[in-house]
């Protein structure tokens, strides 16, 4: 925390100065005029004398009041609160007082300013202008146009800078914010509020600041701030990004530790300080009860959305920044909490001299009254800056009218909306209209002249002062030992690493599934793989299998870290945020993540290698074993650091996985086993030299074979008729054998087969360690200097054809969202208060198809009770809630964050998936809910969950086609969609894509689309809305509420949760259901005019009277103790249960049940159907939507294409035109084997897109009964097949022809039929890849776990397919795995199709030289052997026989159980495996993901 210093001596001087100033004024004028502006200026000038800055109080009374207040606090060190007998300083006490605590801290700092060195910082700027690159390529790239778009953008990037490429986001503006002043930034979304805050916080990566701009932070430049004081000027973004599996307490304590100052007080250790500070902010923002609850996110259960927002606020507050820029920080907070947050900022500003700025979209009058300064922005122009109390008066003098009951903030913002502002009578032609006219008026005003004068004085003052040195001293005093004074960080690099390691262990503790799964998976794979090579013999027959086992061991250790790339992308946005807060260096986090992974890596290595080494029967020697394990560990480290480096330099997971896989393929092929070193092609030999895995493999082979003698397992010739032949006339077939010798030296074998030597063993360990250190340095450097994602102005994306139409349509207008750039700037829709007028409901009513459905049914509930099990404890979330929603009424559902509002909506709409409804009834017209209930309602969720690749119109049509009655024609549904687009004023962006944040719809547009998706379904019963105004500006929130009012007026029943209703918005609701903590009802009844009925109820039962100027919503939250820091006088749940109003509610529910149940029910069979559309229609629409999603995701498709092309070409050219000798046949077999390597990456690329579809379906579409689970899963499976066939075809051509397999079909003139079959096999493999990925994801929650499972299954398939070990080698209990392995049949089919029916010609070094007995020719000696063993011989000049073990490729195929006659059978079996995958995907998805039955269990009374 920061502060300014003022000694008691200075305080007395100020008091004396004030009294002197007053007396001199009276003396000279002889008349008392009160405390006027002149006096105020004198006081401020005096204050500057003492503090080198302007004092925050504008009056002597305020200053004296401040001095009095400071005398009330003890000024003690509060961090060891257990030893202080003052509950107001103890954050764990119910009597904790945040304001008292802050005052005490200020007094503590002032008690020893030389030690604490409190600091403060203001900002002033002149001619501030921000501009960005205009992006004309605002169409969504697809597979067909993505490359062209990339090329054109690249060309434009290298063009010389010219003004046409840029547009101004912020026009020239001036302002000054002094320490102690709280400033609010007002403007509609897109006005430039976020850009202004980012500019002040020096967070400008992605846009530029004009050269003419002058910015100073009390004498410090923006460069100084960015380089040395980054954590003292922060920008808190609107989004909440946290590690979901960390608890709230751990999240905040981590931030507190990293900003713990060195000068925190004598005897206070860091941990005590950090825990105390975290507790203080948890208590301040009402988070103490969530200390041990996970933060969570949209998909991981945790605290509520409002509480998560408060966690973000608390985390930013703990940074202790002097200048804090808050961007829409109150989004998702209830009105009382939002007010409390602004009060906390005010307290910090007034007492600790901080300089907070906050852009706020919904600001109550109570909140506005707390602000000192206000900035009003209009399309990038500053149209006012000054005292908040003067702004309203300034614009009223200009000629604008402020309506009654409209808050000042709403009035100021409404001036930037032409449809909402209203000039005073007689000023219609005098007031400015455009943003430029407003700015011109402002810059010609006396207020602006006064401002420029003050700014000029401030700049002169900054030049004269020694702030730079004073501020540096204060900064250095806070820094821990071993921290560079110029560093922006508070703690040293090694402390950052230490805290990062501790946090990562807490993350693992919060979600141990991935490390446990990884270790368990390694153990299982160790057992499986080692059992394949179980107990290898000590003969030459084990040479190949010993090498294969070592090869697999190296690969498994090397690539066990591949999935670490995925976790990097999860953490990246959080690390970038913390870097901007100056909590830690990204490099410190990178090192911490590596250190914290060490125990997991060691556990994984032990679980695999200990089992594998001894079961395979590698060399039983302690020294040899520990060398093996040492090399394996370093191999894991090298590859982990390499994969992390790839992830650090990539911008997306698919972009990282593709090069990682190609690299993996290169390393596998050039390890030295697949292609032995002597057989590598000359052009590619260098790859082996830079391959760290190759060095590991060589050392491990040397470690295993050097100095050992192996018994020969096979002689040539041998068998019947050769029993009595002398060893001198036989030779061992193993490489390195010596004629006549029964033993083969392992050293000679390595030298002959691989050119491996013992002298390289320890050298290679050093090289491997060098690689590990090198890649670690690369990784740390990349994370440190990577600037992260560039900020982009919001642009709206259209399809290319739609964009041209849109540009033609809006060419005449170029107004609107200035932050959005040229394209979005053309979206000029109006959010006027009367946005939805009656004409829109009636203008098309005559057609019949677009009439809004009338509703005559009443939904009500009684004694609804819901509980969940949290850590073996049953916790009641809703406690006997009663209520109803009648047609034509809007019922507001309110309560503090976490009170159970969303849970109640989920229970009422039958959307709960966890927990149990233990009691209560939900009835429609007195009848229990039937199967069509969910289809009869609309549910507008708080999260705007949409597919980013669909357009607005497509999303609405998809909902209409599947949710409206199947009897309604397509044209009528399309007409209704157009009607809703017009109704919600989405015409300008109806053909825009949803997109992602920054490139797509903005928050307001997404909310309108969410509402629209439900409206086009024509919900006949009622409409639920969960926080529909969250994140919207006041005008848009108002227009949404007016829209709800119009819907209700046309018979719709609406139940709506709302957080921050102004008095105006509250007036739009008819009834209120208010929940207090624990899901208990505090009130259900009419609101009355100006909420008077509700106010009367609470005042009747003992509440303090509601002030006339108070917002009833905020007052009510205070009364029931739902606002942070407030305490209820009584339990209002008990008050409600004992009230006459409660009895009236119960009687009304009983009356409705009795009366309504007598009404006739709708007996239309179609009305009772679970889904409106038939299954075939659901399937077709879902499949097409998924195909379109992939087509509009060119990054995914091109990553897939790049992967298969690069992998296939690399594979094909590594084995280019493989010869038909013995090594060549083995190379061709391994080429087929390597062809499967991209499997893992293809699955990992696909999973995120499957998850996106599944999230949209399970979160929104399944509960709404849009379409069935079977249509969803069938559509996902079907839509992937065309793309897999396409990439399979590309892979076939890139691999089949370079490898030269077609040459093997030439002798039998079967090139075409064998080529066609090979194409079918290759494409079938790619289809199998997709179905296997979907199978693994069908029942998995996390994509990481599905990817791990797919890797496990893939490894098993590779291991048991017969390439590395055939059925004659496998232990008996694994034969079943060979038989039921799809890759067995695929490999057999591909090998037989590619290699069959041609001749073998041995290379010179492959011949075995045999000397026949004296007097015998080679023919007579070897012909009997060749007849049963195969092969051929050549007679050499010296009479010896050069024997080749094979003469036909069919002999080789037979040795690997691949028969040409079975090729079509094997293809058919592989297709059957694809079908099995599809069937299992459907079954497992139904078992694991489809809700069955209901969550209702009634207690028997």
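From the backbone N, Cα and C atoms, a Cβ is placed for every residue, glycine too.
The structure displayed is predicted, hence computed values, not measured ones.
As annotated by Swiss-Prot, region 'Disordered' applies to 1-30. Annotation comment: Swiss-Prot describes 1-513, 570-597, 644-654, 786-1195, 1251-1280, 1336-1355, 1488-1501 as topological domain 'Cytoplasmic'. Summarising the annotation, Swiss-Prot assigns region 'NBD1' to 2-512 and lists an author's statement as the type of evidence. Here Swiss-Prot flags 8-18 as compositional bias 'Basic and acidic residues'. According to Swiss-Prot, the domain 'ABC transporter 1' annotation covers 150-404. The topological domain 'Extracellular' annotation in Swiss-Prot covers 535-548, 619-622, 676-764, 1217-1229, 1302-1314, 1377-1466. Residues or ranges marked as region 'NBD2' in Swiss-Prot (evidence: an author's statement): 786-1195. The feature ATP binding site is assigned by Swiss-Prot to 895, 896, 897, 898, 899, 900, 901, 902, with sequence analysis given as support. Sequence annotations record features per position, and here Swiss-Prot assigns coiled coil to 1137-1164 based on sequence analysis.
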Query raised in the report: Counting only residues 6+ apart in the same chain, whose Cβ is under 8 Å from the Cβ of residue 899 (ATP binding site)?
Result: 1075, 1076, 1077, 1078, 1079, 1122
Query raised in the report: Other than its close neighbours in sequence, what residues sit by the topological domain 'Cytoplasmic' (1336-1355), given a CB gap under 8 Å and a spacing of at least six beyond its ends?
Result: 513-514, 517-518, 521, 524-525, 529, 556, 562-563, 566-567, 1236, 1239-1240, 1243-1244, 1247-1248, 1250-1251, 1254, 1273, 1480-1482, 1484-1485, 1487-1489
Query raised in the report: What same-chain residues, at least 6 away in sequence, bring their CB to under 8 Å of the CB of residue 896 (ATP binding site)?
Result: 286, 306, 334, 336, 337, 1076, 1077, 1117, 1122, 1123
Report summary line: Same-chain shell around ATP excluding 895, 896, 897, 898, 899, 900, 901, 902, C-beta within 8 angstroms of the CB centroid, reads 304, 306, 334, 903, 1075, 1077, 1079
Query raised in the report: Taking every protein chain shown into account, which of the binding-site residues 897, 902 has the largest tally of Cβ atoms within 10 Å of its Cβ?
Result: 897
Report task. Take the Cβ of residue 895 (ATP binding site) and count every other Cβ within 10 Å, whichever protein chain it belongs to. Result -> 25
Query raised in the report: How many of the residues that make up the topological domain 'Extracellular' (1217-1229) does DSSP mark as helix, as strand and as coil?
Result: 8 helix, 0 strand, 5 coil
Report summary line: Sequence-distant residues near the topological domain 'Extracellular' (619-622) by C-beta distance (under 8 Å, 6 or more away from its ends) are 703-704, 708
Report task. May I ask you to report the DSSP-based helix, strand or coil state of residue 895 (ATP binding site)? Result -> strand
Query raised in the report: Counting by DSSP, what is the helix, strand and coil composition of the topological domain 'Extracellular' (619-622)?
Result: 1 helix, 0 strand, 3 coil
Query raised in the report: With DSSP helix as H/G/I and strand as E/B, how many residues of the topological domain 'Cytoplasmic' (644-654) fall in helix, strand and coil?
Result: 8 helix, 0 strand, 3 coil
Requested in this report: Sort out the residues at least 6 away from either end of the topological domain 'Cytoplasmic' (644-654), same chain, that have Cβ-Cβ distances under 8 Å to it, and list them.
Outcome: 561, 564-566, 568-569, 590, 594, 660, 663, 775, 778-779, 782-783, 786, 789, 1195-1196, 1199, 1244-1245, 1248
Report task. Across all the protein chains here, work out how many other Cβ atoms are within 10 Å of the Cβ of residue 901 (ATP binding site). Result -> 28
Report summary line: The answer for the topological domain 'Extracellular' (535-548), taking Cβ pairs under 8 Å and residues 6+ beyond its ends, is 615-618, 673, 701, 704-705, 710-714, 732-735, 737, 744, 749, 753, 1364-1365, 1369
Query raised in the report: In sequence order, what residues of the same chain, 6+ apart, have a Cβ less than 8 Å from the Cβ of residue 900 (ATP binding site)?
Result: 866, 877, 878, 1075, 1078, 1079
**Report entry** Distant-in-sequence Cβ neighbours of residue 898 (ATP binding site), under 8 Å, six or more positions away
**Finding:** 290, 303, 304, 306, 307, 1077
Query - Same-chain residues near the topological domain 'Extracellular' (1217-1229), Cβ under 8 Å, at least 6 residues beyond its ends - result: 674-676, 679, 1298-1301, 1303-1304, 1363, 1391, 1394-1395, 1398-1403, 1406, 1444-1446, 1449, 1452, 1456
Query raised in the report: Tally of helix, strand and coil residues over the topological domain 'Cytoplasmic' (1336-1355) according to DSSP?
Result: 16 helix, 0 strand, 4 coil
